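The structure appears below as structure tokens.
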């Protein structure tokens with residue numbers, strides 16, 4: 001079968017299921033594709049196919065992730081589901097599958113469990129902006145008061161981690177019933193349809209990359225005689241046009257320059273857009289004033305920083321990571337976008353050491369400033385070998 005053309009007419013939103021092991025994340029994922037295929041005509045994906053998720057690599061780390069898609073009336077959803085807890089941690093920290101919103105699946109029969117809490121905390125740390133709750137397995141709970149109790153517990157937990165617990169939509173249902181095409185007490189297909197409608201209404205349409213302020217990590221710098229200095233890279237977001245004022249941020253003092261030309265595949269263009277690899281010609285900037293690892297940005301939008309809090313995942317020995325734990329004062333290289341910068345780690349109070357395979361919050365101090373914002377991803381390296389991954393949770397200085 002020929003690949004279907006990607007439908008650009010519907011706005012595109014990235015979501016994913018999070019929650020404790022065996023609370024029904026994968027069943028709900030399969031049920032979503034089934035219900036949407038029947039109601040809105042998107043393709044159906046079976047449980048087994050989602051459960052045997054293929055491996056993929058992100059920032060040197062292997063992660064198992066299943067990707068499915070489905071449509072509502074007004075949107076196209078790309079949905080990620082991970083088989084194991086470690087895969088979630090890695091996925092969220094590396095940003096392999098960035099989410100515009102998450103569906104927290106919690107078993108009504110068991111209530112919130114340790115991974116329920118951990119996934120909410122991770123969502124907060126890595127900047128997942130919206131969470132919608134699906135209280136699953138409600139067909140196994142006869143007591144309405146018990147359902148209410150679990151709902152209150154989930155709301156409290158969300159509020160603990162600065163999500164709006166009282167206003168978070170909670171849908172009660174049974175993913176298994178929906179997957180089997182049943183709908184007793186409107187707990188099956190109706191509940192899943194309601195979930196899709198809630199995703200439509202509660203998760204706002206994400207700002208398109210081209211509408212965000214311009215940012216391009218600098219990969220290479222060339223000097224072209226008679227024309228000046230050209231920096232090349234892939235535009236991460238926004239648009240750069242000829243004559244735009246720009247700033248060069250990171251590693252040294254911020255400098256101001258102007259775009260005098262944009263090139264792609266040796267052709268001159270009027271502008272460079274998000275996702276494109278291009279060269280930007282800079283007025284009055286010398287070849288030695290710029291280096292790989294800096295970023296080219298719209299003036300005033302990004303600042304350089306050296307101190308931040310981060311959520312990190314440390315690779316296990318089996319994943320090619322360290323064989324031994326590290327302690328406070330650990331000094332690896334932090335790889336941001338296109339370059340390594342050395343930094344030292346402070347551990348949270350009461351944490352003596354960090355073992356391979358752990359995820360932990362650390363405070364980092366870099367020896368040189370890097371252009372950064374909350375949510376920026378990085379790799380942790382020792383002599384060019386990836387030993388971990390992280391995300392900036394909060395900038396300190």
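Quick reminder: no glycine exception, Cβ is built from N, Cα and C everywhere.
Record features, source Swiss-Prot:
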DOMAIN    10-207  domain 'tr-type G'
REGION    19-26  region 'G1'
BINDING   19-26, 81-85, 136-139  GTP binding site
BINDING   26  Mg(2+) binding site
REGION    60-64  region 'G2'
REGION    81-84  region 'G3'
REGION    136-139  region 'G4'
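When the Cα of residue 26 (Mg(2+) binding site) is compared against those of the binding-site residues 19, 82, 85, 138, the shortest separation belongs to 82. Around residue 25 (GTP binding site), the C-beta neighbours below 8 angstroms that are at least 6 residues distant in the chain are 17, 18, 19, 81, 105. Taking DSSP states H, G and I as helix and E and B as strand, the region 'G1' (19-26) has 2 helix, 0 strand, 6 coil. Summary for the binding-site residues 22, 26: the Cβ-based neighbour count within 10 Å is maximal at 26.
DSSP gives residue 138 (GTP binding site) a helix state. Sequence-distant contacts (6 or more apart, same chain, Cβ under 8 Å) of residue 85 (GTP binding site) comprise 21, 115, 118. In the region 'G2' (60-64), helix, strand and coil residues by DSSP number 0 helix, 4 strand, 1 coil. Of all Cβ atoms in the shown protein chains, 22 besides its own fall within 10 Å of the Cβ of residue 138 (GTP binding site). DSSP places the residues of the region 'G3' (81-84) in helix, strand and coil in these numbers: 0 helix, 1 strand, 3 coil. The number of other CB atoms found within 10 A of the CB of residue 19 (GTP binding site), across every protein chain shown, is 26.
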